[in-house]
């Protein structure tokens, strides 16, 4: 059965620079390549990934009236994303991200939130019909927390599973933590929230146990090329990553989440399989440059 997924999150226009290495303070370096603008934002990336895995995907986001995101709206339509709840506002410009990728494929990202940061609980309430009919509601932290709380409250009241990707990393209020069914941090985000640095298998377990102890039912800690560690009250497992030559890690985590929620059963009885599917999809993403441009189609993932 096809999963119905609502993504609440950011839409950005990404500007990419390819560099041999990162500059030191006060240093000027030549850029290897300056690429044209691409669609991005954690929310948009996750929506694209979910839709390309052929889940029934609705996206709640906010963009400016500046027209710079019009090409992204076309990308959403091509991906068959329900754009009924995409809001245009004159309050701020469309969000932007400035991304540098070095020779090792690692990236740094600087984000201007723009219209994303004008998302309100009222905007979310206007999308209530989509939320209550979903299997999963997914959010990140590139929109205001009150809007996320509103979405998760609606979801929980109607038996919809909530998924939080706590990125960019920041402290979370208890009001939000109490509404999370599945949390998907990376090592840095997990450490910030739990206070436990992820250095080995035991610290991964300790980290996951922290989230379980505060009432979150399912914990996934993404570990980059080391794969994903997951835990529930009944089971835990380290799922290995697929070994590939990574050239750009941009959107790898977003691809993982989109693929994961597209495959996960509502009962979560296929948790390990859904995580492996997410790992497989993200292993394709890191072999290409760009964010949404690098997110694979379901047919490509199935060929791995």
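Any Cβ shown, glycine's included, is placed from N, Cα and C.
For residue 254 (active site, proton acceptor), the number of other Cβ atoms no farther than 10 Å from its own Cβ, over all displayed protein chains, is 30. According to Swiss-Prot, the feature active site, proton acceptor maps to 254, an assignment based on sequence analysis.
For 12, 13, 14, 41, 42, 43, 44, 45, 142, 254, the entry in Swiss-Prot reads substrate binding site.
The ATP binding site annotation in Swiss-Prot covers 186, 222, 223, 224, 225, 226, 227, 253, 254, 279, and the record cites sequence analysis as its basis. For residue 225 (ATP binding site), other Cβ atoms within 10 Å of its Cβ number 14.
According to its DSSP assignment, residue 285 (K(+) binding site) is helical. What Swiss-Prot lists as K(+) binding site is 248, 250, 285, 288, 290, 294.
Sorting the binding-site residues 42, 288 by the number of other Cβ atoms within 10 Å puts 42 first. Same-chain neighbours of the substrate site beyond 12, 13, 14, 41, 42, 43, 44, 45, 142, 254, judged by a C-beta within 8 angstroms of the site's C-beta center, are, in sequence order, 9, 10, 11, 39, 40, 95, 97, 291.
For residue 254 (active site, proton acceptor), the binding-site residues whose C-alpha atoms fall inside a 10 Å radius of its own C-alpha are 42, 44, out of 12, 42, 44.
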